[in-house]
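According to TrEMBL, the protein has these features:
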DISULFID  168-177  disulfide bond
DOMAIN    136-178  domain 'EGF-like'
REGION    289-316  region 'Disordered'
SIGNAL    1-24  signal peptide
């Protein structure tokens, strides 16, 4: 009776759990692990390509037993090097599917030389071919050869996961990644291809790539009589844009305030030659501010001739 109640309770819990919450697989991770396994296997093939049985009479061993190239010994050596001891996912997948590797090695390798396709895609079914996604390996938007029309990434591409939705690259938007996003204009477009290029830096929306193709000008720019967006020189504004002991540096679409040289009291540019007046302790000399000379104590002529210092003279 107790067991019956327990079974009923467990059934009730499973019934009300969301679909897929009891047995879920992270196919993205599984495909990644499978790909790593196959990559390591390929490296193992390269590593053992020139090896042999290592005995005293390799020629006899290969004649009587089998060639090392196709032997179980070589397969075992490769399999032993596939996973790091700390990688649970790799070791678990290898343990579950070691027989598949043996089947491929001895029976399928000649007919199916692509191990990734045979093992990861067709046999344990954790991956899809490139350009396909999901449990049934559906084709990504735009086609398998050009997912998202070449302008984005297809969710789940190459795995048994994802929904196939496109994540568009910079400059593109829309379900099919064929539309141009803000700040870009369409240089070329048809039903299967789109090329979006960036607007000129002065534009807020554009129809082409120059400052004459702007729909509106961005902040820091203004239209000239010909309709092109040109830079506003904030440094010519009155009153001054910067503080008293700073100078204004104009940049395209903006400006910055820089500290004057320490030799200046107010300035119109970098360095001592751009001072409006010289700071205390400095004097204007040939249009630049230089440090004032400190006064040197004067000696009388007799002291100068003898070379004696005033202190020494007094001692005498």
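Glycine is treated like the rest: Cβ placed from N, Cα and C.
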**Asked** If you draw a 10 Å sphere around the Cβ of residue 177 (disulfide bond), how many other Cβ atoms fall inside it, taking every protein chain shown into account?
**Response** 25
**For the domain 'EGF-like' (136-178), mean pLDDT (0 to 100)** = 97
**Prompt:** Can you count the other CB atoms that lie within 10 A of the CB of residue 168 (disulfide bond)?
**Reply:** 20
**Request:** Could you give me the DSSP helix, strand and coil counts for the domain 'EGF-like' (136-178)?
**Result:** 4 helix, 11 strand, 28 coil
